[in-house]
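Copied over from TrEMBL, here are the features:
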- Ser113, Leu114, Leu115, Pro116: (6S)-5,6,7,8-tetrahydrofolate binding site (BINDING)
- 7-184: domain 'Formyl transferase N-terminal' (DOMAIN)
- 207-300: domain 'Formyl transferase C-terminal' (DOMAIN)
Amino acid sequence: MTQPLRLIFMGSPDFAVPTLKALVGAGHTVVCVYSQPPKPAGRGKALRPTPVHAWAEAHGLMVRTPASLKTAQAQEEFAALNADAAIVVAYGLILPKTILDAPRLGCFNLHGSLLPRWRGAAPLQRAIEAGDAETGVQVMAMEIGLDTGGVYATARTPIGASDTTGTLHDRLASLGAALMVETLPKIADGSLACQSQAEAGVTYAAKIDRAETRIDWHRPAHELDRMIRAFSPFPGAWCLLPDGARAKILLCRVEDGQGAAGHILDDHLKIACGTGALRVLALQKEGKSALSAQAFLAGNPLHPGMILG
């Protein structure tokens, strides 16, 4: 790196922390961290800061948590930071044009897909759900459109047959942090130009709706396997147990099998699907801890012929 940059970092969840940490470790000056406001959490509903907020505060960085960046005051405070660039990683708030135009070099986003595929809020989940063979992270220029800016750099990774959003999240967060630290100096010195996104192949990764997380056992087993992995660990794909209680299916395996959809086929939690079957490997009953299928069955006997809803 030839010259440390004055940076504003904008991010909220765990996914963004490695990039913030890497930028600080690379010697850049993070003049301010923007994150979503603390939200009530836990039994006592105490306000809990985002993971980015907590990390920044613990390391002596200035933190701002505006509910919006659309006010004149918020925009003036942002511009007054006199930043070279703003780095945005899963921030969660819309950036108005005034904000995008304020830093000297611009605003740059780390996005968790291979654009233009999976623009939007849930690219990791949608890539697994669709059965994509690979995905990645990209450093891109930010503009008013939703993830439409030019791409500076890409890091790719295959999506394995056992990958969940959780495992993919951790891998991409690490890849993305390294990619941002490598790419940012090249943007700053003008040695790296961005490439416009292709006009063909655009898909949108819509935010996960709770209504789509219930398992429909009439669907093919391979589709349900992808759905379960896409929604693991959060928000979780769920079904109803024979006693009417909800349970999240956390891990499973596609197997051969025939039977009426939702019927338990053996004593080890093999479930018939529209085509094929799923072997449940781990699950979590509502209000209880996550368990392996073997441990769950020890306290919740389920037998062939019983039905999951």
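Note that Cβ sites are derived from N, Cα and C of the backbone, with glycine treated the same way.
Within 10 Å of the C-beta of Leu115 ((6S)-5,6,7,8-tetrahydrofolate binding site) there are 22 other C-beta atoms, taking all protein chains into account.
When Cβ atoms from all protein chains are considered, those within 10 Å of Pro116 ((6S)-5,6,7,8-tetrahydrofolate binding site) total 18, not counting its own. For the binding-site residues listed here (Ser113, Leu114), the lowest count of other CB atoms within 10 A around the CB belongs to Leu114.
Cβ proximity to the (6S)-5,6,7,8-tetrahydrofolate site centre (mean Cβ of Ser113, Leu114, Leu115, Pro116, cutoff 8 Å) flags the following additional same-chain residues: His111, Arg117, Trp118, Arg119, Pro123, Gln138, Asp147, Val151, Gln197.
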